[in-house]
Each structure stands twice: as structure tokens, then as C-alpha cells.
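See structure below.
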Amino acid sequence: MKRIFVTGTDTEVGKTFASVAILNQLNNRRLRTAACKPVASGCVDTEEGLRNEDALALQQAASVSLPYAQVNPIAFAAPVAPHIAASQQGMTIDESRLSDNLRHFAEYSPDLLLVEGAGGWRLPLGGGRFLSDWVKEQKLSVVLVVGMRLGCLNHALLTAEAISRDGLELVGWIANQVETDMPYVADNLALLKAELNGPFLGHIPRLANAGLAHQYLDLTPLL
Ligand SMILES: Nc1ncnc2c1ncn2[C@@H]1O[C@H](COP(=O)(O)OP(=O)(O)OP(=O)(O)O)[C@@H](O)[C@H]1O
Ligand SMILES: C[C@H](N)[C@H](N)CCCCCC(=O)O
Ligand SMILES: [Mg+2]
């Protein structure tokens, strides 16, 4: 079971948008895919409990259908940094729940498990721990989604540097067009291709139809 962790240069840069595209393409390649969002904030309270739109999108897109609790083990309502949401509820984030949950995916024998992060690489979990510490301990491969807008070069290079310093492999990166009026997109892509140590998986433009996004990716390096 390949396990990839999808991180981003920031929150709202298209981690979920790109993750769904990854799942769609791998499903089309006849792989068995599973997906999860271990820690989510900004969840909606429903009759079945808290639900996160990212986790629901991943649950829907993966070819192995799983119960919501398996897809999103830790959920908070407040749309804020999860460790703050936890503290506001008088709670802490229990990493053992994340690790136990991750282990259970083997029972479903997917070819690939996609794990979406939250925010960017250094997502605080509280108590001086970061989600990246957990990713490192789980030895996950990392895909970086670069939100293409002015300022992304710095965020992308610093994130890649941190991933490398954490001893993890950047197995691919995706340019996701956040700002349509970004100047010199080709020149920015050229810099990222030259400086990022990992395969370029594709550039997703702004799309009215998310269902087309997978056509802009070539995920061969992930297989
Ligand atoms: N290429 C794109 N074309 C059109 N809409 C996009 C594109 N990429 C992202 N979006 C939209 O931008 C918003 C933010 O994207 P997304 O939710 O994937 O970000 P994220 O990095 O997963 O955020 P979070 O940190 O909350 O998980 C969403 O409404 C998404 O549908
Ligand atoms: C609520 C938001 N959409 C994300 N789910 C959480 C973003 C956490 C960002 C933490 C930080 O400031 O780096
Ligand atoms: Mg997301």
C-alpha cells in the first residue's frame, strides 16, 4: 500500500482540489484508492456528528468506500488552527488516534492511501508537536500542492526544505492556479521546476469543473 501525504504551501491552496484530482486519475488507472483527512477544523455539525467538507470530498472520490470516522478521526467545528480549536474545547489532539486510524487502512488493502494534511507543512498539534512530526514518524511520502499566486515561490521552497530536513521524500508537486491574474506564470513554474527536488506532476488551471482537474496531471511518478 503506497501512502502519500498531501501538503500545501498554505491553507486554501487546493490540497483537497488536487487530492480529488489525484484520486480520480488513479481510479481511472484501475487502482484501489483510499483517502483520509486525519485532522480537520471548520466542520459542520450534522445529525451524524461533525462533518468536514474536505473529508467528505475525499470519502466520495476514493474508490474504497469507508465510514466517515475512518476518513476523519479528529474533527473540530471552529474554522481555526486545530490546536486552538482543541484548546477552546478543553481538549488536546491525541496523536495515537491518528496512528491507530492509519493502521486500520491496511484492512481495506488499497493500492494507494492518500492522506490530506491541514493548513501547511508545519501544522501545530499542540504541546510543541506538529502534524509533520507525525508524518515523519509514519514515514509517509509527500506530495506538495503549490498555490500559484505571487509569493508562492518562497512558500514552496521553504516547505520543500522543511520536508527534506524532516528526512522525508518529496515524491511529487502540483502547481494549482489560485490567482488567475498571476503575472509570469510560466516563469514562476520554471523556477519551481529548477529548484524543487521532486517530480512535477502537473499544473491545474482555475477550472469551473473540478471533474476535469485530473486531466492536467501525470501521476506516473507516483506509481
Ligand atoms: N484549480 C482550481 N480551480 C477552481 N477552484 C479551485 C481550484 N483550486 C482550488 N479551488 C477552490 O478553492 C477553494 C480552496 O481549495 P481547497 O479546499 O482544495 O484548499 P485546501 O488547501 O484543501 O484548504 P484547507 O487548508 O482548508 O484544506 C475551494 O473552494 C476549491 O474548490
Ligand atoms: C480552517 C482552515 N480551512 C484549515 N482547515 C485549518 C488551517 C490551519 C492553519 C494553521 C496556520 O495558521 O498555519
Ligand atoms: Mg483541504
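Placed from the backbone N, Cα and C atoms, the Cβ positions cover glycine too.
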Candidate sharing the Mg(2+) site with ASP54, GLU116 (per TrEMBL), from THR11, THR16, THR92: THR16
Cβ neighbours of GLY117 (ATP binding site) where a neighbour is any other Cβ within 10 Å: 24
Candidates near ligand 3 among the binding-site residues THR16, SER41, ASP54, judged by a Cβ under 6 angstroms: THR16, ASP54
Inter-residue Cα distance where the pair is ARG206 (ATP binding site) and GLU116 (Mg(2+) binding site), in Å: 20
